[in-house]
There are 4 protein chains.
Amino acid sequence: MTPAPPDTSIPTLGPCRFPSPLHHFGTVEAPFKTETDRILYHSHLLEDGRDVSTPSYEEAGPREKIYFDPPKTTVGIVTCGGLCPGLNDIIRGIVMRCHHQYGVARTYGFRYGYEGLVQRYGHTPLLLRPNSVEQAHHFGGTLLGSSRGQQDIGEMVDTLEDMKVDILFVIGGDGTLRGAAEIVKEIERRGLKKAVVGIPKTIDNDIRFLDKSFGFETAFDAAVQAVKCAYVEATGAVNGVGLVKLMGRDSGFIACYAALAGSNVDFVLIPEVKFELEGDGGLLESLRLRLLKRRNAVIVVAEGAGQHLMETGDATDASGNKKYGDIGQFLKDRINGYFKSRKTEVNLKYIDPSYIVRSVPANAQDNVYCSRLAQSAVHAAMGGKTGMLVGRWHGSFVHLPLELVIHGRRKVDPTQELWHSVLECTGQPAVMK
Amino acid sequence: MTPAPPDTSIPTLGPCRFPSPLHHFGTVEAPFKTETDRILYHSHLLEDGRDVSTPSYEEAGPREKIYFDPPKTTVGIVTCGGLCPGLNDIIRGIVMRCHHQYGVARTYGFRYGYEGLVQRYGHTPLLLRPNSVEQAHHFGGTLLGSSRGQQDIGEMVDTLEDMKVDILFVIGGDGTLRGAAEIVKEIERRGLKKAVVGIPKTIDNDIRFLDKSFGFETAFDAAVQAVKCAYVEATGAVNGVGLVKLMGRDSGFIACYAALAGSNVDFVLIPEVKFELEGDGGLLESLRLRLLKRRNAVIVVAEGAGQHLMETGDATDASGNKKYGDIGQFLKDRINGYFKSRKTEVNLKYIDPSYIVRSVPANAQDNVYCSRLAQSAVHAAMGGKTGMLVGRWHGSFVHLPLELVIHGRRKVDPTQELWHSVLECTGQPAVMK
Amino acid sequence: MTPAPPDTSIPTLGPCRFPSPLHHFGTVEAPFKTETDRILYHSHLLEDGRDVSTPSYEEAGPREKIYFDPPKTTVGIVTCGGLCPGLNDIIRGIVMRCHHQYGVARTYGFRYGYEGLVQRYGHTPLLLRPNSVEQAHHFGGTLLGSSRGQQDIGEMVDTLEDMKVDILFVIGGDGTLRGAAEIVKEIERRGLKKAVVGIPKTIDNDIRFLDKSFGFETAFDAAVQAVKCAYVEATGAVNGVGLVKLMGRDSGFIACYAALAGSNVDFVLIPEVKFELEGDGGLLESLRLRLLKRRNAVIVVAEGAGQHLMETGDATDASGNKKYGDIGQFLKDRINGYFKSRKTEVNLKYIDPSYIVRSVPANAQDNVYCSRLAQSAVHAAMGGKTGMLVGRWHGSFVHLPLELVIHGRRKVDPTQELWHSVLECTGQPAVMK
Amino acid sequence: MTPAPPDTSIPTLGPCRFPSPLHHFGTVEAPFKTETDRILYHSHLLEDGRDVSTPSYEEAGPREKIYFDPPKTTVGIVTCGGLCPGLNDIIRGIVMRCHHQYGVARTYGFRYGYEGLVQRYGHTPLLLRPNSVEQAHHFGGTLLGSSRGQQDIGEMVDTLEDMKVDILFVIGGDGTLRGAAEIVKEIERRGLKKAVVGIPKTIDNDIRFLDKSFGFETAFDAAVQAVKCAYVEATGAVNGVGLVKLMGRDSGFIACYAALAGSNVDFVLIPEVKFELEGDGGLLESLRLRLLKRRNAVIVVAEGAGQHLMETGDATDASGNKKYGDIGQFLKDRINGYFKSRKTEVNLKYIDPSYIVRSVPANAQDNVYCSRLAQSAVHAAMGGKTGMLVGRWHGSFVHLPLELVIHGRRKVDPTQELWHSVLECTGQPAVMK
């Protein structure tokens with residue numbers, strides 16, 4: 001337990017008399033703080049009079065007594081959905097811990113997502129041993145392969161029964177975890193004793209109730225490289241415009257962070273903040289003014305931004321996600337059209353680095369983070385926990401109920417600091433309408 | 001305010017009957033958890049019956065009223081001590097925010113640490129404008145230069161008076177911040193109204209009461225590259241031994257993280273865990289056994305480890321830090337000697353990447369972190385706060401009293417998860433005596 | 001002068017009796033060699049009885065007497081056409097050499113290509129000094145900006161006269177150099193004494209009569225990173241196909257080298273080798289067979305490949321280059337259609353990294369190469385050479401007449417080793433019809 | 001055959017009247033050229049009246065008839081001496097070509113250099129198959145391991161006989177190739193029909209009669225990163241001096257190229273150019289003057305430079321190379337001493353990145369180069385060539401007699417362009433005595 005700090009009061013020079021100049025982003029008010037906005041020092045629950053009913057998470061870590069008898073335990077791993085840096089690190093971490101620490105009987109890697117749990121697809125599972133995963137963290141992607149979409153729950157539990165899998169580790173996003181919750185229910189319904197532990201994956205860093213999602217830092221670092229290239233392109237031509245589409249279906253964290261990383265971004269467009277193209281305050285006119293002032297501009301757009309501007313149908317992909325219109329291509333066309341109609345030369349270069357961003361190997365920070373997530377997952381499952389997720393909260397690894405992350409996503413709050421910092425950094429209008 | 005999660009209880013399969021196999025690292029017991037180890041969901045102080053006397057930090061952010069009148073405000077920045085990735089990002093962030101957001105009159109960069117505040121050294125301060133720092137974050141080091149050691153407090157405050165500096169941002173480690181505290185006292189003694197805000201710097205990530213120190217992630221990523229090279233060297237020769245000395249005078253965080261990043265490390269030696277060379281359980285014999293088993297080995301040693309093994313005097317450097325013996329060179333000689341005496345060939349390659357690790361440019365994650373630290377510092381100072389530090393706690397940026405970080409450092413706790421994970425990863429003996 | 005080697009004969013074990021198994025790439029015969037295929041040891045012209053009429057290039061380097069009087073000499077630099085790694089290195093190299101070595105009066109950087117030489121565009125030239133270019137090589141792109149297309153020759157020479165520019169360095173591709181040749185003629189027509197020296201730029205490495213073009217190695221290194229990502233994507237899904245479009249309008253060097261760099265490419269499609277989609281031996285069926293065998297495939301296509309397959313009009317871009325159809329998008333659609341019609345799932349990921357590849361900073365090798373090209377150009381121009389290019393031939397820097405590189409491009413010869421190596425590496429059918 | 005260029009004459013503006021300002025590097029005269037210094041266009045031997053006695057190399061490539069019957073052929077590979085980027089690429093290339101193109105029976109990898117060919121060491125050879133080397137090029141070092149020094153020639157040929165090895169590929173430096181030449185002689189003496197083909201390795205790029213050695217570009221790129229760090233360190237302190245020791249026992253190519261790559265180097269010290277420390281024109285005083293002018297300096301020293309300044313004995317390492325004194329440590333001590341005696345503060349940071357430079361994976365350019373070297377070696381050996389090396393000359397892959405590269409090394413010629421460029425770049429005195 002971290003000991004309490006001696007004193008946390010901050011000296012001041014005296015009363016503040018001047019109004020802050022930071023009111024200025026259109027209708028967006030600065031997230032002003034007062035001295036009563038306070039961050040708790042303690043993150044562990046204390047015996048200090050605070051009620052245990054205070055919401056808190058179960059801390060992750062090894063249990064002194066475990067539920068499964070290791071030499072008789074069979075483990076399975078499956079990776080689902082889109083690629084994300086760190087998948088191989090997590091697979092590696094699970095295999096290493098299961099074998100070297102607990103000495104489980106065997107670990108299977110199911111191929112190509114939930115398809116691998118359905119026998120009629122014919123994807124033979126891999127028997128994973130420490131030496132088959134030893135170098136895996138040097139490579140991007142997933143050595144198991146992945147796929148999108150649900151499969152029949154019954155067939156999947158049949159496979160777990162047939163292969164005598166006691167513990168299933170499921171790595172994937174919302175849809176995948178919803179599937180995992182159904183697998184848990186079916187296991188209960190059949191009266192089986194199998195643990196299902198999830199590791200939530202979202203490259204967008206949009207999981208609520210968690211510090212950060214694995215792979216985000218690596219992905220964001222790769223995204224910044226693409227934004228730098230956009231800046232080079234923008235400055236290399238008369239009225240150069242670098243347009244970069246980054247991940248972010250429902251939340252704009254990667255786009256915001258790319259701007260904050262100092263790569264000279266002029267406009268950040270995210271799903272959480274609606275914008276219009278036309279009109280005096282619209283994006284197109286704002287861009288024109290920016291070009292007049294600086295001769296070049298960089299625009300970073302999250303893939304889920306500006307969807308209301310396009311005619312998009314109701315189609316969904318195999319994961320059940322709504323198919324989004326291609327905002328990057330759309331903006332490219334509209335910007336080119338706008339300036340053409342004004343007979344102004346622009347040189348727009350459109351960069352869509354998504355597959356490059358998501359398929360790089362994890363960086364050192366994510367190597368460690370994934371390794372510890374895997375470790376926490378193994379400890380939990382061996383302890384008989386099920387229907388849960390591992391994650392990090394306030395710097396500590398914790399257990400969360402599966403349902404927690406399925407209900408809603410974390411978003412950029414346009415009234416809070418992160419977005420405010422972006423507005424400061426870019427100098428873009430707070431409202432573009 | 002983040003809303004509360006609905007429910008945080010975790011299902012289990014039933015009672016745990018098996019003792020965990022994780023008791024095994026010699027005398028080091030596994031940090032077993034029970035369900036009463038809990039992490040608080042809330043990090044902001046709530047009106048929920050909890051006493052305000054619960055330790056908490058003041059949250060960082062802009063204040064609605066500010067103390068200094070921007071057009072009449074002069075700002076100074078000084079960087080002290082050893083290089084660390086992110087210094088230029090922080091300088092850049094302060095200049096950008098002071099000019100673009102607040103519109104201060106001018107910002108000076110004092111050259112070469114505290115020397116730059118002492119006029120007889122003749123280091124003319126730089127007048128920093130946005131375009132002079134625009135690209136600074138692409139380069140390592142500090143554009144202001146740095147130096148170690150204290151200077152006369154009176155002379156430094158004289159300079160602040162002569163140059164009419166209202167706000168001084170001080171970026172540095174323990175010694176530097178102790179100096180900053182004295183500057184604050186002298187300012188008070190003279191009845192001046194000048195704010196001094198510190199940004200704590202330590203590449204070792206050993207600041208207590210803070211989530212992490214800036215530059216740590218970049219440095220640790222660079223360190224991992226060196227460890228990979230050590231592994232390549234070790235596997236490239238008969239009985240190859242790769243020995244890498246990393247930063248860490250008093251704490252072994254970088255060394256531990258380098259091992260966890262999966263770079264095939266066999267031994268991690270840190271200041272917090274004493275080890276002996278000789279004897280059956282000593283490092284030398286443990287290394288011999290490891291070579292018999294694997295034919296090669298990688299050793300990562302923090303610079304402050306094993307100091308009791310060497311004859312070191314009481315000399316100190318200009319910063320007042322005790323001069324440490326060179327544990328890397330010492331181990332190299334002792335290992336070579338040991339195997340020579342046993343007529344066993346070893347091929348030891350010693351790598352000391354310290355200057356390479358600390359002088360790289362900040363990575364994207366540190367770009368953002370430093371930018372937000374700078375922003376928090378500027379908001380605090382403009383609000384008339386003084387004698388304080390900015391930092392991050394549980395994911396939020398906060399204000400801390402200067403004294404807080406000066407008293408003691410954060411260390412790797414050998415009884416907790418981090419060290420336990422290292423023991424698991426390396427398979428090294430928990431006790432080497 | 002390099003001394004002659006003592007003896008160059010190679011021992012053999014005896015007569016060769018077995019036919020080589022390397023006849024096998026369809027109708028493409030292996031480029032078999034005999035002992036009479038010989039490479040000359042000498043690259044400098046010798047006084048050894050060989051006739052001076054043997055084609056040879058003038059060697060680059062400083063001249064003992066120079067044409068221009070440095071303190072009275074004004075220099076101009078212009079960069080034209082698409083971005084290419086190394087542009088800033090060349091600008092920097094010219095400025096550094098002109099100032100530090102020769103001490104010229106001043107160096108102007110004309111903005112945005114030939115537009116910058118036409119006064120009515122209003123692009124004020126930059127006055128370049130050593131400290132304005134000192135760090136330029138750390139950044140991609142061109143600090144001068146660029147543009148495509150010709151401008152009025154008379155107006156450009158007017159500007160040279162008005163600004164008293166004695167030497168103009170022109171960095172650009174075919175069209176640009178054709179423009180430079182016309183500038184030379186107009187200068188002659190006016191009886192002026194101005195030197196024009198070109199530095200040929202083509203990221204495709206398709207310049208005849210030269211070893212390599214600057215930036216190619218950097219670009220190709222960046223391209224390989226994208227191909228690695230395509231491989232990760234391909235292996236991450238059932239019947240995964242990674243499709244990467246790389247530069248190469250008329251020649252496939254980058255595509256071929258990317259395959260040879262060992263990144264597991266299955267098909268390389270280049271402009272020099274025609275292929276068909278349909279039919280038993282066509283690309284689509286060949287791809288299907290490859291997927292059956294390996295479950296994934298990587299296709300690298302040069303942008304100029306397969307143009308006969310698409311309906312493309314006669315439109316040209318501002319540089320006068322024929323507008324090509326988008327072979328990447330075309331292949332994506334056709335491959336997806338083919339497998340859809342066969343009810344086979346494929347997961348195709350299309351990556352177009354062009355802007356990322358061309359806008360990265362030069363690597364160390366190109367840093368040096370560009371620096372030496374710039375040096376050679378400065379020496380030549382100061383010596384009064386004009387209407388010429390600098391380049392490297394057989395490892396030596398040389399002077400070439402401007403016309404030389406304008407007439408025709410270097411291409412991948414499908415009967416020679418490079419393409420043969422690609423066929424070996426990929427195992428793709430030599431003929432796809 | 002490349003066709004002849006139409007015309008190679010270069011226009012000039014007129015006679016040169018001004019003496020060049022480039023005479024200035026002390027006693028080192030600029031390598032002035034005249035129009036009679038010419039580079040031959042043709043590199044292949046032509047039927048144009050030139051005598052076949054003109055020195056020329058045999059061109060590499062597949063032969064129509066081969067000497068060995070592939071299904072009955074056994075291949076061996078051995079890597080010797082210090083690590084160098086690209087070793088794994090060459091091993092991979094040989095295995096891939098032997099198996100996929102020729103279909104040889106088997107390929108052995110001998111472990112730990114020549115030790116692996118001597119049975120009493122007990123290093124079991126690896127049986128190499130395509131899938132065991134497929135990802136090898138992503139890693140630095142050599143998967144076979146290496147060792148220094150000779151072994152008994154008879155024992156090694158015994159092993160070749162016992163294991164029925166028909167072809168031995170030897171990758172190594174001078175000493176290794178001298179050993180290979182003796183193996184060839186012993187094979188002949190015993191009347192065996194075994195081919196020995198060498199691939200010369202030297203990270204210093206100091207092989208005569210060859211364009212470049214593999215791994216050099218990768219190593220030099222890595223070296224530049226270290227030099228950049230030295231520059232950051234030098235600028236970060238009062239009178240900062242960054243001192244970097246790079247490879248280069250007998251030749252200073254890496255040191256020269258690192259300076260030319262634009263990393264702000266002030267002094268380059270190489271074995272080919274003697275320098276003194278003391279005296280008015282010595283290094284120490286030159287450094288003092290440079291610090292007065294710029295406040296910081298970067299020194300790059302090749303490991304073989306300045307050996308005459310140190311007391312070094314006659315000891316040799318296992319490869320038979322003379323043990324050199326540590327010029328880096330020596331200069332560090334002498335520079336610190338010099339300034340201490342003058343009571344001038346200097347902050348010298350010494351970086352020795354050798355193991356980091358040599359153990360990185362090959363970059364894309366070296367991936368391709370090594371792949372093609374391997375291919376050439378396989379073609380040569382299958383064609384019954386022996387006692388030879390493969391290499392590149394004027395851009396073409398060629399065969400060279402083994403003896404060629406053993407006799408003498410390529411060095412930096414202080415009278416020619418490369419060194420002259422370094423003097424220009426650094427501005428260092430041409431003579432330091």
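The backbone N, Cα and C atoms fix where each Cβ goes, and this holds for glycine too.
All annotation found in TrEMBL is predicted automatically rather than curated by experts.
As recorded in TrEMBL:
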DOMAIN    D:75-380  domain 'Phosphofructokinase'
BINDING   D:GLY82, D:ARG148, D:GLY149, D:GLY173, D:ASP174, D:GLY175, D:THR176  ATP binding site
BINDING   D:ASP174  Mg(2+) binding site
SITE      D:GLY175  site 'Important for substrate specificity'
BINDING   D:THR202, D:ILE203, D:ASP204, D:MET247, D:GLY248, D:ARG249, D:GLU303, D:TYR355, D:ILE356, D:VAL357, D:ARG358  substrate binding site
ACT_SITE  D:ASP204  active site, proton acceptor
Close binding-site residues near D:THR202 (substrate binding site), where close means Cα within 10 Å, chosen from D:GLY82, D:ARG148, D:GLY173, D:ASP174: D:GLY82, D:GLY173, D:ASP174
Those binding-site residues, out of D:ARG148, D:GLY149, D:ASP174, D:THR176, that come within 10 angstroms of D:ILE356 (substrate binding site) at the Cα: none
Within reach of chain B, those binding-site residues of D:GLY173, D:ASP174, D:ASP204, D:GLY248, D:ILE356, CB-CB under 8 Å: D:ILE356
Separation of alpha carbons, D:GLY248 (substrate binding site) and D:ARG148 (ATP binding site) (Å): 18
Recorded ATP site residues D:GLY82, D:ARG148, D:GLY149, D:GLY173, D:ASP174, D:GLY175, D:THR176, farthest C-alpha pair in Å: 12
Between D:ASP204 (substrate binding site) and D:GLY149 (ATP binding site): CA-CA distance (Å): 19
Local backbone state of D:ILE356 (substrate binding site), from DSSP in three classes: helix
Rounded Cα separation (Å) that holds between D:THR176 (ATP binding site) and D:GLU303 (substrate binding site): 21
All-chain count of other Cβ atoms within 10 Å of D:ARG358 (substrate binding site): 26
Greatest C-beta neighbour count within 10 angstroms, which of the binding-site residues D:GLY82, D:GLY149, D:GLY175, D:GLY248: D:GLY248
Rounded inter-Cα distance in Å - D:ARG358 (substrate binding site), D:GLY82 (ATP binding site): 8
Close in space, distant in sequence - D:ASP174 (ATP binding site), Cβ under 8 Å, 6 or more apart: D:THR202, D:VAL405, D:ILE406, D:ARG409
Rounded to the nearest Å - Cα separation of D:GLY82 (ATP binding site) and D:ASP204 (substrate binding site): 11
Cβ packing number for D:THR202 (substrate binding site), 10 Å threshold: 26
Local backbone state of D:GLY248 (substrate binding site), from DSSP in three classes: coil
Distant-in-sequence Cβ neighbours of D:GLU303 (substrate binding site), under 8 Å, six or more positions away: D:LYS245, D:LEU246, D:MET247, D:GLY248, D:ARG249, D:TYR324, D:ILE327, D:GLY328, D:SER354
